[in-house]
Amino acid sequence: MSKLTTKEEYADLLSRYDAFLFDCDGVLWSGDDLIPGAKEVLSKLRSSGKQVVFVTNNASKSRRSYKGKFDKMGIEASESEIISSSYAAAVYLKDVLKMPADRKVYVLGMDGIEEELNAVGIQYCGGTDPDDNRFLPALDFSSLQSEEAIDPSVGAVLCGFDMHMSYIKLAKAFKHITRPGAEGPVEAGKKGGGCHFILTNDDSTFPAKGGPWPGAGSLSAPLIFASKRKPTIVGKPHQPMLDTIESIYNLDKPRTLFIGDRLDTDIAFANNGGIDSLLVLTGISTVEDCDKQGIHPKYVLDSIGNLNV
Ligand SMILES: O=C(O)[C@H](O)[C@H](O)COP(=O)(O)O
Ligand SMILES: [Mg+2]
């Protein structure tokens, strides 16, 4: 692990790689505050003919709405260069799990997940539905007894970052993934039985202004604790996210660099995937965390803004 500190080291790094995979939160921005120099480095990479891909565990937005954020930040990005965990989860349900067209996904999350499920033609319920985001009278479970409330056509629960977590959503998701036969196959033309349990990502905290804040992993924890089920996790550092990227981009791994702010997602993802990694110190992890967590990047840098050489 080497800390990069000189202009020569920065220039050498940029010449070593042809593809730069960027994490977003904590690397390009913190919430809606751009990291100083990030925009300039990205345009410099592009003008030098480098490939740029954005890989974010943030499931709060779809790729389309992420493109809107990039545009607002003045950063060039095409929708196809943005691989969000909401997109990767929708692709996983569609192409890997082959979700039957007549089965629904129950969503613990926001419109980013809903938009990506829509984009691949998968039906969903829950999520931002006002009926699932209301207060329940204390210990009154009467509205959760019907098939309208706990829809047996649900064949998967998908949990991601959700700033409107509610007991109703937790209770409905819990019922879906613990019903009789829930760990069995999800079949077309049937109701009940198998129900997949998937997380977009399991980041414990979220790097934004005034942060850290509870992240997606802290929002799915109550469901895992209550159900005792082990979910499939799509986002970094887990394999489905790498599979999604590799299905789109033919990466020359020795010439690819992953840049992230979090050891247990970004750097672990790169290390698992056989890709060199660069930890920036503008987000969640610190240099001291590397030994504490036993996760070591190839390089450490204060900020991607340093690469403005
Ligand atoms: O809690 C979350 O969802 C994550 O902290 C957030 O999405 C991280 O996004 P990333 O750093 O992967 O862009
Ligand atoms: Mg990050």
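Placement of Cβ uses the backbone N, Cα and C atoms for every residue, glycine included.
Between the candidates Asp252, Asp261, Asp264, TrEMBL assigns the Mg(2+) site shared with Asp23, Asp25 to Asp261. Taking Asp25, Lys236, Asp261 as the candidate binding-site residues, the subset whose CB lies under 6 angstroms from any atom of ligand 2 consists of Asp25, Asp261. The CA atom of Asp261 (Mg(2+) binding site) is located 7 Å away from the CA atom of Asp23 (active site, nucleophile). Its Cβ placed at the centre, Lys236 (substrate binding site) has 30 other Cβ atoms within 10 Å.
A Cβ within 8 Å of the Cβ centre of Asp23, Asp25, Asp261, the residues given for Mg(2+), is found for these other residues of the same chain: Cys24, Gly26, Val27, Leu28, Thr56, Pro207, Gly260, Arg262, Asp266, Val280, Gly283, Ile284.
Here the CA atom of Asp25 (Mg(2+) binding site) lies 13 Å from the CA atom of Lys236 (substrate binding site).
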